[in-house]
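What Swiss-Prot annotates here:
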type	residues	note
BINDING	G7, V8, D9, G10, V11, G12, K13, S14	ATP binding site
Amino acid sequence: MYVLFEGVDGVGKSTQIEMIARAHEDSLVTKEPGGTKIGQKLREILLGGDFKLSARAEILLFLADRAEHYQKMIKPNSSRLILSDRGFVSGVAYALANDASLKIDDLLWLNSFALEGKFADKIVFFEASETLIKKRLSSRGLIDAIEARGLKYLLKVQECMKEVLKAHKFNVLYIDASEDIATINAKIENFIKF
């Protein structure tokens, strides 16, 4: 089962992925961007801030990573529980936040192409208030190029993520990121039962 953990930075995705992975020893933990060797290089380019890419070039690099990630990580491990920190929802949402002229349907088609039509089996979406995001990001210290765009930008991305999830009949568990870790974990465990 291919499960995406989606939400902006600082909402608790990584914490929950670690907990779920410990409870499911045969699970595969991966991430986008950066889940493959080429993905790690693309991640450096995309998040490092060394290059000023156009919005469309950025989308295409994320799609290249997504296609490679699907071929090397998701497809060959389809019989396992795959826990991915981000995926196509983030890709589409960040693209929409960067360029309002883009259409969700076009971006979903491009992602479907990259994923051979295989979107995630289940999606866990973490939503957080402005106050919570600000608090958690300020406690982390280092900021990547996307986080550096600001809190308002991350809130815009979060709204775009919700639009993406509503645009298609995805199997989604909505999580209030302000809930305690154990409560969130129990909800996710129940959601991903085989």
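Even glycines carry a Cβ here, placed using N, Cα and C.
Small disclaimer: the values here were computed from a predicted structure and weren't measured.
Taking the features listed in Swiss-Prot, we show where each one sits on the structure.
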| residue | record | Cβ neighbours (10 Å) |
| --- | --- | --- |
| G7 | ATP binding site | 26 |
| V8 | ATP binding site | 27 |
| D9 | ATP binding site | 18 |
| G10 | ATP binding site | 21 |
| V11 | ATP binding site | 25 |
| G12 | ATP binding site | 21 |
| K13 | ATP binding site | 24 |
| S14 | ATP binding site | 14 |
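Taking the mean position of the Cβ atoms of G7, V8, D9, G10, V11, G12, K13, S14 as the ATP site, the remaining same-chain residues with a Cβ inside 8 Å of that point are F126, A128, R136, A177.
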